[in-house]
Amino acid sequence: MSDFTKNKAMEFPRIVDIGHDAIENVADVCDKLKFGNSGMIITGTETYRAAAKRIEDMVSERRSISTFQTTNATFDNIEKAEKAAREQNAAFLLAVGGGSKIDIAKMVAKKIDIPFLSIPTSAAHDGIASDRASIKSEKESFSVSAVSPIGIIADSKVINEAPYRYLAAGCADVLCNLTALNDWEFSSRISDEKISSSAEIIARHAAEEIISNCNYIKPGIEESVWLVLKTIVASGVSMLIAGSSRPTSGSEHMFSHALDVIRPDTALHGEQCGVGAIMMMKLQGGNWERIRDTLKTIGAPTTGKQLGFTDEEIIRALVMAREMRKERFTILGDRGLTKAAAERVARSTGVI
């Protein structure tokens with residue numbers, strides 16, 4: 001018998017603070033994590049007013065803190081944020097905002113090798129806790145390896161004040177775990193790709209929690225935010241365990257990336273993935289109606305029209321989807337869908 005040589009390293013957030021007025025604890029969390037004396041906030045214009053200004057005031061009582069305002073997670077903006085952090089000799093970062101601000105912080109933290117706190121002001125997708133960053137170029141978006149946050153502070157009161165559409169999109173993104181896990185299982189059957197049972201259990205539980213509680217997820221109810229945040233953080237943790245986005249990202253995400261290529265910034269990432277999950281679950285032979293009905297109950301889009309895309313664009317995205325991540329095997333197979341097959345699945349599920 002050969003010697004056992006398996007080894008795996010995982011990094012997880014040390015502090016996760018979720019709930020009402022959680023941002024009031026930011027300065028204390030910085031102390032607990034023994035952050036250095038100089039830090040930088042990465043935020044946006046709206047999110048500065050929503051939360052970052054308050055955080056800036058609190059942290060500045062104990063540490064030197066600067067603020068860098070930015071927009072989308074592009075390579076250019078990452079470079080600018082990195083330059084600003086180096087100029088400030090930042091020993092830590094506070095990412096205050098939506099997914100793009102957190103993604104920029106992940107990349108800058110990796111480049112400079114400093115810790116960062118993830119402080120979301122909306123719950124539009126499951127990147128709050130993960131070590132993956134979605135970076136945009138002029139034509140497409142890339143999922144790249146970054147670093148996970150050393151801590152997460154998610155204030156349900158702040159997030160409840162964001163448009164409900166973002167919360168619904170976050171629910172849709174978590175629901176996609178079900179189709180992503182099916183794709184992962186398919187891949188393991190025909191290749192040597194291994195499935196992490198721990199990551200699979202956590203990702204599936206997160207999606208099932210959304211389905212079980214969908215009737216309680218409503219606009220303007222802070223407890224709805226609490227329910228969703230727990231599943232979003234769990235999804236992020238499943239990726240950290242797996243060492244990849246496999247538990248939460250499959251063919252439905254490839255469809256969403258194709259839509260981004262066809263017409264960028266038309267709908268939210270989670271919204272696009274949710275509609276994609278309806279069709280991919282149909283292709284996988286699963287209960288696609290369950291996903292569709294859950295999305296409807298939550299108030300997330302279930303059709304191409306609701307996303308803002310034409311029938312032709314939806315079909316085109318389905319055909320293109322396989323090319324988005326050629327190295328990842330999914331239900332789309334090696335060659336992807338033909339135009340006829342794409343139209344059939346889109347029409348049979350009511351997406352077009």
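Backbone N, Cα and C define each Cβ position, glycine as well.
Here's what TrEMBL has on this protein:
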BINDING   G99, S100, K101, I102, D103, S130  NAD(+) binding site
BINDING   D126, D173, H257  substrate binding site
BINDING   D126, D173, H253, H269  glycerol binding site
BINDING   D173, H253, H269  Zn(2+) binding site
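The binding-site residues near H253 (glycerol binding site), taking a 10 angstroms Cα-Cα threshold over the set I102, D126, S130, D173, are D173. Of D126, D173, H257, H269, all annotated as binding-site residues, the residue with the shortest Cα distance to I102 (NAD(+) binding site) is D126. Cα of G99 (NAD(+) binding site) to Cα of H257 (substrate binding site): a distance of 16 Å.
Neighbours of H257 (substrate binding site) among the binding-site residues S100, K101, D103, H269, defined as a Cα within 10 Å of its Cα, are H269. The binding-site residues listed here (S100, K101, D103, S130) include no residue with a Cα within 10 A of the Cα of H269 (glycerol binding site).
Cβ environment of K101 (NAD(+) binding site): I42, T43, G44, T47, T70, A73, A95 lie under 8 Å away, each six or more residues apart in the same chain. Most buried of the binding-site residues D103, D126, D173, judged by other Cβ atoms within 10 Å, is D173. Comparing the binding-site residues S100, S130 on other C-beta atoms within 10 angstroms of each C-beta gives the minimum for S100.
Each of the binding-site residues H253, H257, H269 was assessed for Cβ neighbours inside 10 Å, and the highest tally belongs to H253. DSSP assigns D173 (substrate binding site) to a helical segment in the three-state reduction. Close to the recorded glycerol site, the chain also has H125, G127, A172, C176, T248, S249, S256, G270, C273: residues not among D126, D173, H253, H269 whose Cβ is within 8 Å of the site's Cβ mean position.
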